[in-house]
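Everything on this sheet refers to the single structure shown next.
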């Protein structure tokens, strides 16, 4: 069965490539040619500056660096590379969908975006699993959490992401319609739609499920520790807040667009389509910018809610300031939680063994 020919697409960034006739409505023209270029400009400037400062601050930070900072630096690099391509798409939206920068950048920018989107999702998953080990299994984490392991995992993530982005080089092309150039996707086939469906599930929904599962377990353990200790531990409360905000930001950024993307792919398998193609395309055009915005949000989240990163950024921007101005403690929230929860877990094990011995 030949898939339906529609406006719908199967890559993260393809919401920027609807057919030209669909754009020729006044309301949609004002959205794509006025709002989106302004929005992308803000995302580009704040994201490039924020991620660059974050990378520099953590890379050149004095003293010992946290293990999770390796993932954060790679995530910032992934977002930074992604944001470098945003001006190309800004120009596209401002020119009413025309692609004026040639075939090489059409394929190349699409490939870069695809690679870094996969990389970002996988790195977020690795970060959640790293926090899960550090907080839920402190003893096991001491054996597994090594800098060499973190570097190796990041290298594997980049390699896999580069491989997963290769189909983009084959599917994207510079198409001329009525003499006007458009960076668009080739006509979808059943095989391509099937690949898009499998890729979407394995590179987004499965990682999202693992992220939510890890953070739910972490939050449950933190709440149990908080109730057991009976003290108002500000670091524990702040850690729970960071977890909730990180999950919420990731979910709000990606779930809406990828949900409509999933519906678009499923609809493409049907001759007439299960859903109205223009309605789905409009929904993806509206929710798509949220995915772009996610690349500039992470530095802000880390700066506001992670005092360790905040101190590193301030010291990077103002090296003349002394350490004691930001507190003399060098203990990170992860190390604090690991020690506290390790004692909590050992206490739980002791109570269980004691109950077992009494019952015997």
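Yeah, the Cβs are placed from backbone N, Cα and C, and that goes for glycine too.
The feature phosphoserine is assigned by Swiss-Prot to 359, with similarity to another entry given as support.
The topological domain 'Extracellular' annotation in Swiss-Prot covers 1-33 (among others).
Here the topological domain 'Cytoplasmic' (55-69) is broken down by DSSP into helix, strand and coil counts: 7 helix, 0 strand, 8 coil. Swiss-Prot lists 55-69 (among others) with the feature topological domain 'Cytoplasmic', giving sequence analysis as the kind of evidence.
Swiss-Prot lists 91-120 (among others) with the feature topological domain 'Extracellular'.
Among residues of the same chain six or more beyond the topological domain 'Cytoplasmic' (142-149), those with a C-beta under 8 A of the stretch's C-beta atoms are 67, 70, 130, 133-134. Swiss-Prot lists 142-149 (among others) with the feature topological domain 'Cytoplasmic'.
The topological domain 'Extracellular' feature in Swiss-Prot is assigned to 171-192 (among others); the stated evidence is sequence analysis.
The topological domain 'Cytoplasmic' annotation in Swiss-Prot covers 214-239 (among others) and is backed by sequence analysis.
What Swiss-Prot records for 261-284 (among others) is topological domain 'Extracellular'.
Sequence annotations record features per position, and here Swiss-Prot assigns topological domain 'Cytoplasmic' to 306-360 (among others).
The annotation transmembrane segment is assigned in Swiss-Prot to 34-54 (among others) on the grounds of sequence analysis.
Per Swiss-Prot, transmembrane segment is recorded for 70-90 (among others), and the stated evidence type is sequence analysis. Beyond the transmembrane segment (70-90), the same-chain residues lying 6 or more positions past its ends with a Cβ under 8 Å from any Cβ of the stretch are 13, 16, 36-37, 40-41, 43-44, 47-48, 51-52, 54-55, 58-59, 101, 105, 109, 112-113, 116-117, 119-120, 123-124, 126-127, 130, 147, 150-151, 154, 157-158, 292, 295-296, 298-299, 302, 309.
What Swiss-Prot records for 121-141 (among others) is transmembrane segment, and it gives sequence analysis as the kind of evidence.
Same-chain residues lying 6 or more positions outside the transmembrane segment (150-170) and placing a CB less than 8 Å from one of its CB atoms are 11, 67, 70-71, 74, 107, 110-112, 114-116, 118-119, 122-123, 126, 130, 192, 195, 199, 203. What Swiss-Prot records for 150-170 (among others) is transmembrane segment, and it gives sequence analysis as the kind of evidence.
Taken from Swiss-Prot, the feature transmembrane segment applies to 193-213 (among others). Residues 3, 10-11, 118, 121-122, 124-125, 128-129, 164, 167, 247, 250-251, 254-255, 258, 261-262, 265-266, 268-269 of the same chain lie 6+ residues outside the transmembrane segment (193-213) yet bring a C-beta within less than 8 angstroms of a C-beta in it.
Annotated transmembrane segment per Swiss-Prot: 240-260 (among others), in sequence order. Listed by sequence, the residues of this chain that lie at least six past the ends of the transmembrane segment (240-260) yet keep a Cβ under 8 A from its Cβ atoms are 12, 15, 121, 124, 131, 200, 204-205, 208, 211-212, 215, 218-219, 222-223, 280, 283-284, 287-288, 290-291, 293-294, 297-298, 301, 305-306.
Per Swiss-Prot, the feature transmembrane segment maps to 285-305 (among others). Residues 12, 15-16, 18, 28, 31-32, 36, 39-40, 43, 46-47, 50-51, 53-54, 72, 75-76, 79, 82-83, 86, 117, 120, 238, 241-242, 245-246, 249-250, 252-254, 256-257, 260, 313 of the same chain lie 6+ residues outside the transmembrane segment (285-305) yet bring a C-beta within less than 8 angstroms of a C-beta in it.
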Overall pLDDT of the topological domain 'Extracellular' (261-284), taken as the mean: 76
Counts of helix, strand and coil residues, the topological domain 'Cytoplasmic' (142-149), according to DSSP: 6 helix, 0 strand, 2 coil
Composition by DSSP (helix, strand, coil) of residues within the topological domain 'Extracellular' (171-192): 4 helix, 12 strand, 6 coil
Cβ-Cβ under 8 Å with the topological domain 'Cytoplasmic' (55-69): same-chain residues at least 6 beyond its ends: 76-77, 80, 127, 130-131, 134, 145-147, 150, 308-309, 312-313, 315-317, 330, 332, 334
Helix, strand and coil residues within the topological domain 'Extracellular' (91-120) as assigned by DSSP: 23 helix, 0 strand, 7 coil
